[in-house]
Amino acid sequence: MGTAALLILLAGVSWAQREVAIQPGPLYRAEGSQISIWCNVRGYQGPSEQNFLWSIYLPTAPEKEIQIVGTNDPSFSYAIYSQRVRSGGIYVERVSGDRALLHIRQLQDQDTGEYECHTPNTDPSYHGSYSAKVNLQVIPDTLTVSSPAQTIQKVEGGSLQVTCEVSQNSSRHTHLSVSWLRLSEGEATEIISVTQNFSVRPGPSYAQKHSVGDVRLDKVGDSTFRLTLYNLHPSDQGDIYCEGTEWIQDPDGTWFPLTQKRSEGTSVTVLPTDKEFNVRLETERRTYNGGDTATLRCIIEAQNPGDRLFAVSWAFNSSLIASQSPGGVPSLTGEYARREDGGELRVGKDSDSVFSLKIFRLRPEDSGKYNCRVTERERGPSGELIDRESKRPKNIPISVLPLRTSLTVTVTANSSSVLEGVRLSLSCSVASLAGPQSRVSASWHLQDKQGRQRDVVRQDRDGVTWAGEQYRERLGTGGLRLLRSGSDTFSLELEGSQRTDAGSYECRVAEWVPAPDGEWQLLGERSAQANVDILALETGFAVTAITRTPGVTYFDSFDLQCILKPHYPPWVGVSVTWRFQPAGGGDTHDLVTFSRSGGVQWGERAGSFRGRSIVEKGDSTHTVRLSVSRASDSEAGKYQCVAELWRRETSGMWARLAERASNLLEIRVQRPVPRLQVTKVTRTLSVVEGSPVTLSCSIRSQSGPDSRFAVLWLVQQPSGAEGKLIGRSDAGTEFGTYPEGALLKGRLQLGVTAPGQYALTLQGARTDDSGSYYCQVEEWAMDPNQAWYRLAEETSGLTEIRVRPPDANLQLDQLPRNVSALEGQSVTVTCHVLNRTLPDSRLSLEWLCWRAGHMERRGLARLTVDGVLGSVEEEPGDVAPGLPSRVQVSQPSLGLYALTLRGTEVRDSGTYSCLVQEWLRDPRGQWYRRTEERSGATYVSVRQPDPQLQLDPSLLNVSVMEGGHFDLDCMVSSRSRPDSQLAISWSLQGTSRGAEPETLLNVDRSGVWAPLAPRWEGRLQQLQLSPTLFRLHVPRVGPGDSGNYTCLVQEWLLGPRGDWYLLAQDEAVIGWIRVQRKESNLQSTICANDALFYLVFFYPFPIFGILIITILLVRFRHRPTGKPGEGKNGVPLLWIKEPHLNYSPTCLEPPVLSIHPGTID
């Protein structure tokens, strides 16, 4: 019974399962904060104190484990975390033997990842989970908490308001909580808070004040939290600050504070109530001018004036002016009430502690002593107001000076000298008026050159304007204007100034103020003067002619300017005429006239000037410009301008006032300076006979863009001799040759490759063409009158040409190559011509082949210079008969020749190359062989396919009853080619000692059976289930059929010439067959039936185990008290090893159940 109990206990323990649990995720924490992650294990065996290993998988490498910290190994941490572990920034706290906390202080962005808690195995076997993972995301700390630092003094019983800005910009869904606290003597007291669940919670010390409404917390806008305290008490003083916390809800539903910050504090002092008060009277100054404004302020110095009742009365020379109730409502007496109605006096309350008296438009009689009296009132029991205490400050004396003007007047003119007929403008500026109520009147007067006084115009204080007797007509026609800009500027404008308008102008300004009786009172008068002179039109009239280009070249332009002085306005009539005297002599004549009305009139002898000249007059510059373009000899000479000044009379007729002539201007017109430059480089050219030679004649610079050139080509034969003309291209771009170049005429080409680039090409150079060649360039230009003239001539440098026969330069690719191919495939061998002597040379090729065992190379194919392919006769006894017929020659590209062998055989292996001959044509047209070259060798290797035949080595081990049957499979796992054919042979190695293998069946590649042995006749059957799977069916087996069966497979391939050859073969033992004689017993019956076998030998054991566990549990519940882990007589229970079941591999023996005792540790 004790053994059964121990077995039941062992089975029960084996059912225990270890389970590791970790804090649910994902978790989100703010950067810079800390985190604690719990991990526990249960269902384990072994010591009660389990170890915990913490690792992380970073997002950048999710498959790579990085060890952080462990409880059992100080060196567990990787280098990236070892410093933080040593400094205590990361550590593990063991809560109990099977529970631990991972603490990380000062979280960093790189701490984001998947954390794994792992518990090393202490169980007898691995069963259950040993680790758990949780994701941690470190997010930025975006919480901001701010409140202005300030110092506030309050009176007991008053109120206080402070605000705090709390906001966050997190990407996760978070909540905010805000708390107001008071710090006094180092101890913080909570005033009121709004939690992360949006509920308002007062602190314990302020719960009573909150219940009666003396503590409020309001949210203003999106992020402003306002604290309001009413009925302040001295105990409320201290540093008041706010504290903001950002919360996030973890997956387990708990709220976790991500981060917490506090603001600057507001220092609050609450003073005890003081009922005393003082009064102070202030004013800006004590001396005023009549019409000014005086302000007096009565200031009350008291605690909490807004909560107290003060009444104020104002007095002048001890006489009451006005009184004000505590609410600020005024009550005025007598004359002062009327002045208030007229807007001359105002009594007001500026704030709780400041009362004011304002007197507008002071009068001299307002001089005297002013004072205010302040009376504090309190409400009696029945609500009536009772005067408690009255106070008044010292008197303030004020002096009001009589009215007098302080005007300043300034006169300015647009010019001290004005041209006759130009507008005359004068401005009279007024400054320092007595006040906003004052008005001014202005008048203009003139004293002419003869000393006579004239009244020009005036404007009274109401803005009415009238002119003097001599100026009324001009005022009516708009020739006279008096303009007022604002209140301080009077402008006088006279259109069409006359000589009588010259003189001294005076502006007189008078200032007026309203008198108390409603009339206007003159304060004073001020004046200023300015002198203006009117200049006659012809005064200073002068004409000057200038030019910046006295010397010009053909086709250039030149400008002549006629400058008029002084600058006359557009209404003054001025006519200008340009005169011209040719350089070759002759009379001076008028070219063009610019009339006073703006018209242009050309002279009778203007000639070519009309088509290439422009006359312009500038209104702003007072100049008349004559512009001449495309200058030629016809425009060379002397120029002069004559100007006439005209004035329109009152009758409307024009009268000529003056005429002025300018200085003479001489213009010289020259031909352009030759700038022709031809390249003078001397060089030597060595050319191959028959090749073309190109000589260039380069014009580096030319005199003008429209120049034309005649190019003459000359040759010196021999060098140094006189040059002979062989070709010419004239200015009309016509090409030709000359008698000196008659022999070259058929081979000479003249051309222009680009502007300024001339070329002479000599085709098919011969040795007698050697010599020194050069060009001579003539530059022709067209003058402005469309006539051509030769401008310049230049000769180029010599080019010595030496004609020689061509150098042999045939080059073939000499790089050796290896080509490998399977039998039957095609092989291509290339022959690459890298270079040749001349581009137009011709090539002949011969393909050669050398095989091992042969002394000489043999030709395969020939290609003549005409591109004709010649075949090579097959030689008797050739190792590779029919090879020429399988050869194909092609030219894929220029210079690349290819030899292709079709249907290759093993005996086609060898070394291949090509022999190339280059043929050139001499100048007479005959072809001759210049050189020959052999290419690099190409080593061709033709081989049969690699044998890859392989059989599946699976071995079948079966027992068959006599008279039964069995099947053997021969599986080909791989073959060399899919088009190969297979032959199969089956054989038997009997069980008797020394027996020879016996062939059962031979099937050739065509599926034909070989004759069978007599004992197998009619018994065998071969099936081909797939191209690579063959099955042999053997019925009616007998004892002699026992033994090892072997399968031999041969792989045959079709050769290039159509004959089959054996490529590979493989043999494998595919089965061990044991034939048993017929007998009937229980063992054979059970083994022959799978269901009966499991019923007898498998199912009883689980049922037996469940029964033992049930008995063991019942025993444990009713066991007597004793030492744990002991059975009867104190024998330990847990010492039985697992039962061992021994099975026969062939099912010939029944299973044996044995229980072996173990040892007690």
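Cβ coordinates are placed from backbone N, Cα and C, and glycine is handled just like the others.
Since this is a predicted model, take the numbers as computed values, not measurements.
DSSP assigns Cys117 (disulfide bond) to a strand. The disulfide bond annotation in Swiss-Prot covers Cys39-Cys117 (among others).
Feature annotation from Swiss-Prot assigns disulfide bond to Cys164-Cys242 (among others); the stated evidence is sequence analysis. Taking all protein chains in view, 27 other C-beta atoms sit within 10 angstroms of the C-beta of Cys242 (disulfide bond).
Other Cβ atoms within 10 Å of the Cβ of Cys298 (disulfide bond), summed over all protein chains shown, number 27. The annotation disulfide bond is assigned in Swiss-Prot to Cys298-Cys372 (among others).
DSSP classifies Cys507 (disulfide bond) as strand under the three-state reduction. Per Swiss-Prot, disulfide bond is recorded for Cys428-Cys507 (among others).
As annotated by Swiss-Prot, disulfide bond applies to Cys562-Cys641 (among others), with the evidence given as sequence analysis. Note on Cys562 (disulfide bond): other Cβ atoms within 10 Å of its Cβ, all shown chains, come to 26. Taken residue by residue with DSSP, Cys562 (disulfide bond) is part of a strand.
What Swiss-Prot records for Cys697-Cys775 (among others) is disulfide bond, and it gives sequence analysis as the kind of evidence. DSSP gives Cys697 (disulfide bond) a strand state.
DSSP gives Cys831 (disulfide bond) a strand state. There are 27 other Cβ atoms within 10 Å of the Cβ belonging to Cys831 (disulfide bond). The annotation disulfide bond is assigned in Swiss-Prot to Cys831-Cys914 (among others).
Annotation comment: Swiss-Prot describes Cys970-Cys1047 (among others) as disulfide bond. Cys970 (disulfide bond) carries a strand DSSP state (E or B). All chains included, 25 other C-beta atoms sit within 10 angstroms of the C-beta of Cys970 (disulfide bond).
The domain 'Ig-like C2-type 4' annotation in Swiss-Prot covers 402-523.
Mean model confidence of the domain 'Ig-like C2-type 5' (541-651) amounts to 87 (pLDDT, 0 to 100 scale). Feature annotation from Swiss-Prot assigns domain 'Ig-like C2-type 5' to 541-651.
Summarising the annotation, Swiss-Prot assigns domain 'Ig-like C2-type 6' to 674-796.
The feature domain 'Ig-like C2-type 8' is assigned by Swiss-Prot to 947-1063.
Taken from Swiss-Prot, the feature signal peptide applies to 1-16.
Residues or ranges marked as topological domain 'Cytoplasmic' by Swiss-Prot on the basis of sequence analysis: 1113-1161.
Annotation source Swiss-Prot lists transmembrane segment at 1092-1112.
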If you count Cβ pairs under 8 Å, which stretch among 402-523, 541-651, 947-1063 touches the domain 'Ig-like C2-type 6' (674-796) the most? 541-651
Among Cys242, Cys298, Cys697, Cys1047, these being the disulfide-bonded residues, pick the one whose CA is nearest to that of Cys39 (disulfide bond). Cys242
May I ask which of the disulfide-bonded residues Cys117, Cys298, Cys562, Cys914, Cys970 is closest to Cys775 (disulfide bond) if we compare their C-alpha atoms? Cys914
Residue from Cys372, Cys562, Cys641, Cys831, Cys970 whose C-alpha is spatially nearest that of Cys697 (disulfide bond), among the disulfide-bonded residues: Cys831
Among the disulfide-bonded residues listed here (Cys117, Cys242, Cys641, Cys970), which has the Cα closest to the Cα of Cys507 (disulfide bond)? Cys641
For Cys298 (disulfide bond), the spatially nearest of the disulfide-bonded residues Cys562, Cys914, Cys1047, using Cα atoms, is Cys562
Rounded Cα-Cα span from Cys242 (disulfide bond) to Cys970 (disulfide bond), Å: 89
In all the protein chains shown, the tally of other Cβ atoms within 10 Å of the Cβ of Cys641 (disulfide bond) is 25
The number of other Cβ atoms within 10 Å of the Cβ of Cys697 (disulfide bond), counted over all protein chains shown, is 27
Within 10 angstroms of the C-beta of Cys775 (disulfide bond), the count of other C-beta atoms across all shown chains comes to 26
